[in-house]
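According to TrEMBL, the protein has these features:
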- 11-258: domain 'Nodulin-like' (DOMAIN)
- 76-95: transmembrane segment (TRANSMEM)
- 107-129: transmembrane segment (TRANSMEM)
- 172-191: transmembrane segment (TRANSMEM)
- 207-228: transmembrane segment (TRANSMEM)
- 240-258: transmembrane segment (TRANSMEM)
- 341-542: domain 'NFD4 C-terminal' (DOMAIN)
- 345-363: transmembrane segment (TRANSMEM)
- 369-392: transmembrane segment (TRANSMEM)
- 413-431: transmembrane segment (TRANSMEM)
- 437-456: transmembrane segment (TRANSMEM)
- 468-495: transmembrane segment (TRANSMEM)
- 515-536: transmembrane segment (TRANSMEM)
Amino acid sequence: MIVLKEGSRPPWVGLGAAVWMQIASGNAYTFPLYSPSLKSVLGFSQQQLTILGVANDIGENVGILPGIACNKFPPWAVLLVGAFASFLGYGVLWMAVSETVQSMPYWVLWIALCIATNSSAWLGTAILVTNMRNFPLSRGTVSGILKGYAGLSAAVFTEVYSMVLNGSSSSLLLLLALGIPTICLVMMYFIRRCTPASGEDSAEHCHFLFTQGASICLAIFLLTTTILKDLFPLGKTISYIFIAIMVILLMAPLAIPLKMTLFPANGKKAGQPTDLISGDGDSNQTDPLLTPSSSATFLGSFYEPEDISEVDLLLAVGEGAVKKKRKPRRGEDFKFREAIVKADFWLLWFVYFLGVGSGVTVLNNLAQIGVSLGVDDATTLLSLFSFCNFLGRLGSGAVSEHFVRSKTIPRTFWMGITQIIMVLTFLLYASALSGTLYAATALLGICYGVQFGIMIPTASELFGLKHFGIIFNFISLGNPAGALLFSGWLAGQIYDAEAAKQLTSSCMGPSCFRLTFLLLAGICGLGTLLSIILTIRIRPVYQMLYAGGSFRLPQSSGH
């Protein structure tokens, strides 16, 4: 038997591999790069292109099936579905844009785009669930790191598109069709379940700090090279050097398991269980992501066999042979149907929906907002938003982790704080004061990222990790729902009405989005109120989970 100490190489190798998979899972962000070619080569109208954009959002955000699959299949199987979806969907799009297949029907392209971007949901769910289970004592930090890298994926793909592929849409689609499955096949062996540590490890904190630092260095590098590329013409040699540096920075998290190999720790730390893997390797490669035994072991839960009859169970309860199973309490493992009837579940859903829905409205219309205020090139605005979005995702995990351990402050407190800032930011947008556009965009990017970084660990802490995949994916539907309602309907209607007043199709001036910004400020005000209510309700849960300054899984004696 091979004995792997918990907190040693396997979880950290998995996290390093997950960084690459997380970048690959951000493939849906590449739609703006190849959508102009779809329009020009295939002769689509703007409305047809907009409907394809809806397909892009649907595919990316509908993750119910991946969430269910996480309970049934091992990580490599879930990742393999994502790889196949990417190969099939982007392969069809490549054949259309490269005109390998002539006159491809519009509905085929729409379905192909849904399938292609749905690979994001399959890859992202498998990565997140596996790593959250491997590091259950640092959920906020892990989700912040992974979602931070997801926020950087757009910049990574843009760097490759402009510096290596020379702005070729067909080459980009071919890269997505072949590159994502290749990365998946290489990395999926390393992304697997490990027995989580039951106690704190001081080295783990340093390793997380290193990974966070590496991601910040990557973000600064991408922002810097984007600005340099816009200001100066870069030769091929310099471009390839930049890409090589980017690859090295993406590989930086693998330095942790490398260091563990070269400088192994002496002895086994107390409180760290071992992960026993059979010699044939079946243990970590065939177990589902979420097995009933994993959470039940920590919670002391009792699970009845499936084949026991109701009469036998009632007799056994009456004779005292078994204890009757009770409903889970917050902080324990919930089934999806048990979580969805809880008030806290819907409070979290609506807080997230109002926060990301208002943020994505600005993101989707950022180019038009810039043009209406006299900024013709929105590249810098988009890069600024992307960088600050990354900071919000990464920082929210680290900051909320610190305060939840030191003060037992629920993570949702930070959703409320940032939505207050979003109210002020939307008022700043509405004022259209000179020089405030970039400041408002930076603030909004940070606050938008915080909503992602907080929702994920909060869902796992309130409702457990057993059915975490489907629970957090259902809450994530707040993103496309908000985009459809606030961006597609609200902002679009107001913009068209203002443009009609100017007798033009392109609206100019602060009035184009002023009413939208004021309404979004009110929406975030409602979100703040709901987040306060949620924070007050779940404070006792966090006081129980983080008593003593570290996370502890609750004991459920009544199961």
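Placement of Cβ uses the backbone N, Cα and C atoms for every residue, glycine included.
Given the structure is predicted, the values throughout are model-derived calculations rather than measurements.
When Cβ distances are compared across the two stretches, the transmembrane segment (172-191) makes no contact with the transmembrane segment (413-431), since fewer than 3 pairs at least 6 residues apart fall below 8 angstroms. Under the criterion of 3 or more C-beta pairs below 8 Å, with sequence separation of 6 or more, the transmembrane segment (369-392) and the transmembrane segment (107-129) do not qualify as touching, having fewer than 3 such pairs. Spatially, the transmembrane segment (468-495) is not adjacent to the transmembrane segment (413-431); fewer than three Cβ-Cβ distances between them are under 8 Å for residues at least 6 apart in sequence. Taking pairs at least six residues apart, the transmembrane segment (515-536) and the transmembrane segment (76-95) share fewer than three Cβ pairs below 8 Å and do not count as touching.
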